[in-house]
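Undergrad: According to TrEMBL, the protein carries these features:
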type	residues	note
BINDING	Asn9, Glu379	Mg(2+) binding site
BINDING	Lys16, His208, Leu209, Gly210, Asn211, Gly212, Asp283, Met284, Arg285, Gly328, Ile329, Gly330, Glu331, Asn332	ATP binding site
BINDING	Arg93	substrate binding site
ACT_SITE	Asp150	active site, proton donor/acceptor
SITE	His181	site 'Transition state stabilizer'
SITE	Arg241	site 'Transition state stabilizer'
Amino acid sequence: MSRAVVSLNSGSSSIKFALFTLGPDGPQHAAAGKLEGIGTAPHLVARDKDGTILIDRNWDDGSGLGHETLLHDLFAWAGDHLPDPDIVAVGHRVVHGGTKFFHPLVVDDALLAGLEALCPLAPLHQPHNLAAIRAIRSLAPDLPQVACFDTAFHHELPEVATRFGLPRALHDKGIRRYGFHGLSYEYIARALREADPVLASRRVIAAHLGNGASLCAMRDCRSVDTTMGFTALDGLMMGTRCGTIDPGVVIHLQTQEGMSATDVEALLYNQSGLLGVSGISSDMRALHKSDDPRAAEAIDLFTLRAAREASALIFSLGGLDGIVFTAGIGENDPVIRAAICERLAWLGIAIDQDANARNAPVISTADSEIVVRVIPTDEERMIAIHTLAALTPAGGQS
Ligand code: AMP
């Protein structure tokens with residue numbers, strides 16, 4: 001029976017998961033999948049390491065099924081169908097570690113209470129992360145669980161970069177910049193060190209461009225600045241999130257447009273971004289297919305915002321040596337990569353169109369002044385690595 005670790009990334013309406021068996025070379029990817037449509041029409045797809053579909057299931061009339069029931073079904077299926085995995089731990093992506101939690105930690109009652117207290121800082125993400133931890137606890141009370149924090153990679157941001165221009169008392173209450181997508185950036189940093197150690201030691205912007213999108217300025221693979229701040233709303237325009245806007249807009253919506261705080265929250269998180277600007281879709285592929293000028297404008301704004309925020313990070317880095325694109329759009333969309341690089345052409349970036357079209361690992365030309373790379377992210381692997389390390393501090397290879 002092979003020992004295995006499960007990585008869970010639990011969101012409001014979906015749970016991404018991956019199973020890693022433990023070999024002498026660390027976690028080996030065995031299976032992965034996604035349970036989508038929680039609360040509406042749950043749909044589970046899982047594939048083995050070769051991409052063969054292991055399960056493709058819909059739940060009839062599943063709108064009332066919550067995380068706990070669906071995780072129960074998922075674990076029951078895994079127990080019946082996966083080749084004898086002896087699951088030794090479950091690792092979770094937890095969006096917010098606040099100022100206290102940054103190393104991955106084995107979950108106990110005190111930690112759960114501490115993470116619960118951070119829910120107001122990430123109301124749309126943290127409760128779902130914790131719901132998955134609780135669900136596993138009720139299914140398997142003795143199974144160790146490890147919380148891995150998305151804020152952790154930015155834990156060493158220079159103090160001044162964590163501040164808003166707000167009264168100090170608010171900063172002291174936790175109203176400050178944290179940064180997110182940390183597990184993704186940590187994976188990218190590791191992968192970059194392997195692929196290109198020279199570039200990894202220099203000034204790099206990692207661009208995580210998916211439904212959620214952010215940039216991270218890294219020097220020697222450490223975060224020195226990032227575009228998300230207090231919440232995952234800040235920075236780039238995203239699939240349904242607005243990104244940076246004038247805070248006066250929020251005041252105006254409430255005082256002049258009669259919107260409640262809840263209405264504004266729904267607007268900024270779920271109805272804005274590519275979806276709001278195009279009026280068509282939050283999905284970049286759908287926008288590319290559309291010949292509606294509003295779709296073109298949404299795409300244009302997406303690349304404009306990305307290049308503008310990147311330019312601010314170049315200031316934080318004092319220059320730039322490389323860009324790494326990752327996540328759904330960053331890994332797969334040559335048009336968006338080219339458009340962002342075109343807006344940054346003043347840096348001396350030159351893109352190799354063939355390499356870009358192939359999503360090749362290096363998409364800049366040999367004489368480009370900036371190296372531009374594409375690295376597929378793997379947050380689930382990062383969670384597995386941390387989970388093992390938290391259980392066996394010597395390195396998790398036991
Ligand atoms: P993620 O949140 O990382 O899963 O990324 C989701 C985003 O990536 C959506 O906007 C998708 O349209 C986009 N995406 C995924 N695959 C592709 C692709 N092959 N080409 C263009 N965009 C893609």
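Just so you know, glycine gets a Cβ as well, placed from its N, Cα and C.
TrEMBL annotations: computationally assigned, not manually curated.
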Undergrad: Ranking the recorded positions Asp150, Asp283 by other Cβ atoms within 10 Å, which is at the bottom?
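TA: So among Asp150, Asp283, the recorded positions given, the one with the fewest Cβ atoms within 10 Å is Asp283.
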Undergrad: Ligand 1 is in the model; which of the binding-site residues Lys16, Asn211, Glu331 have a C-beta less than 6 angstroms from one of its atoms?
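TA: Passing the 6 Å Cβ check against ligand 1: Asn211.
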Undergrad: Do you know offhand how many angstrom separate Asp283 (ATP binding site) and His181 (site 'Transition state stabilizer') by C-alpha?
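TA: If we compare the Cα positions of Asp283 (ATP binding site) and His181 (site 'Transition state stabilizer'), the gap is 19 Å.
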Undergrad: Spatially, which candidate from the recorded positions Lys16, Arg241, Arg285, Ile329, Glu331 is nearest to Glu379 (Mg(2+) binding site), comparing Cα atoms?
TA: Lys16
Undergrad: Arg241 (site 'Transition state stabilizer') to Asn9 (Mg(2+) binding site): how many Å between their Cα atoms?
TA: 20
Undergrad: Distance between Arg285 (ATP binding site) and the residue listed as 'active site, proton donor/acceptor' at the Cα atoms, whole Å?
TA: 27
Undergrad: Comparing the recorded positions His181, Arg241, Arg285, which residue's C-beta has the most other C-beta atoms within 10 angstroms in this structure?
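TA: Result for the most crowded candidate: His181.
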